[in-house]
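What TrEMBL annotates here:
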{"type": "REGION", "residues": "1-26", "note": "region 'Disordered'"}
{"type": "DOMAIN", "residues": "17-195", "note": "domain 'Guanylate kinase-like'"}
{"type": "BINDING", "residues": "G24, P25, S26, G27, V28, G29, K30, S31", "note": "ATP binding site"}
Amino acid sequence: MAATSRGTTPAPPDVRPRLTVLSGPSGVGKSTVVAHLRKVHPEVWLSVSATTRKPRPGERHGVQYFFVEDEEFDKLIANGELLEWAEFAGNRYGTPRKAVLDRLEAGEPVLLEIDLQGARQVRDSMKEAHLVFLAPPSWDELVRRLTGRGTEAPEVIERRLEAARVELAAETEFDVTLVNTSVEDVSRELLALMLRRPGDQNISG
Ligand code: ADP
Ligand code: 5GP
C-alpha cells in the first residue's frame, strides 16, 4: 500500500523525539489507530487523560480516561497537575503531568492523543515534542466516520464537525501528517515516528 504521509520535518540530529503528540479531528480514527498500535505493541505507553465527559458504553475509568466531575477537574488545574488542558465540544480534557514526566525521565517514548489546543500547549512547553496530525481521506469520509460511530447525539456531532473545520485548517502547524486510509498502515507509520533515531530523514519504507 502507498505511504500515507504527506510530509515530514526531520528532527534535529542530536534529539531523538521522545514525546509524540497525535491530534486530528474527532472521528478521524485516532483512538482506533492507537488501539491497533497498542494491540500489536503493548509496550507502547499512552498517557491516560482526565475528562469531564461521561463514559461511552464500554469505556472504563483509568483505561480510556480518568472520568472526573467538574470540581475535581478544577482541582487538577489549580494544583498544577495537568501538563495541558482544553475545553472541547462542551467537555474538559487534560493530560496528567506527573506520569508523562516520569516516563520521559526514564527515557521511554510517550504518546499523547489530544486535541489541537492541547497540541499547541505541548508544542510551546516541551521542546522534545513531535506533533503528528491524523487527517481523514476526505471531509465526507470524516462525517461518515463520526456519524457512523454512533456515540454522539446529532447536536454533539455538529459541534465536533465545527471543531473539525478549525482543526483541519491547522494541519500545517504539525511536524507531519498521516492520512488515515488504512489503520494498519498509519499505526505502523506512527510507531516508526515514535522510534525514530537521530539522523533519520523520513518515515517511508
Ligand atoms: P477519534 O478517536 O479520532 O475520534 P475513532 O477512533 O473513534 O476516532 O474512529 C471513528 C470511527 O471511524 C470509528 O467508528 C472507527 O471504527 C472508524 N475508523 C477509524 N479508522 C478508520 C479507517 N482507517 N477506515 C475506516 N473507518 C475507520
Ligand atoms: P473524545 O470525547 O472523542 O474521547 O475526545 C474528544 C477530543 O478530546 C479528541 O480530539 C481527543 O484527542 C481530545 N483529548 C483527549 N484527551 C485530551 C487531553 O488530555 N487534552 C486535550 N487537550 N485534548 C484531549
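Any Cβ shown, glycine's included, is placed from N, Cα and C.
Within the set of binding-site residues (S26, S31), the lowest number of other Cβ atoms found within 10 Å of a Cβ is recorded at S31. Proximity of the binding-site residues (G24, S26, G27, V28, G29, S31) to ligand 2: a Cβ under 6 Å from the molecule is found for S26.
Note: P25 (ATP binding site) has non-local neighbours P136, L142, R160, A163, A164, E167, L168, i.e. same-chain residues 6+ apart with C-beta under 8 A of its own C-beta. Surrounding the centroid of the Cβ atoms of G24, P25, S26, G27, V28, G29, K30, S31, where the record places ATP, the chain contributes additional residues within 8 Å, namely L134, P136, L142, R145, L146, N180. Listed binding-site residues: P25, G27, G29, K30, S31. Those with a CB atom under 6 Å from ligand 1: G27, G29, K30, S31. Mapped onto three states, the DSSP output places G27 (ATP binding site) in coil. The average per-residue pLDDT of the prediction over the domain 'Guanylate kinase-like' (17-195) is 95, rounded to a whole number. K30 (ATP binding site) has a Cβ environment of 21 other Cβ atoms inside 10 Å.
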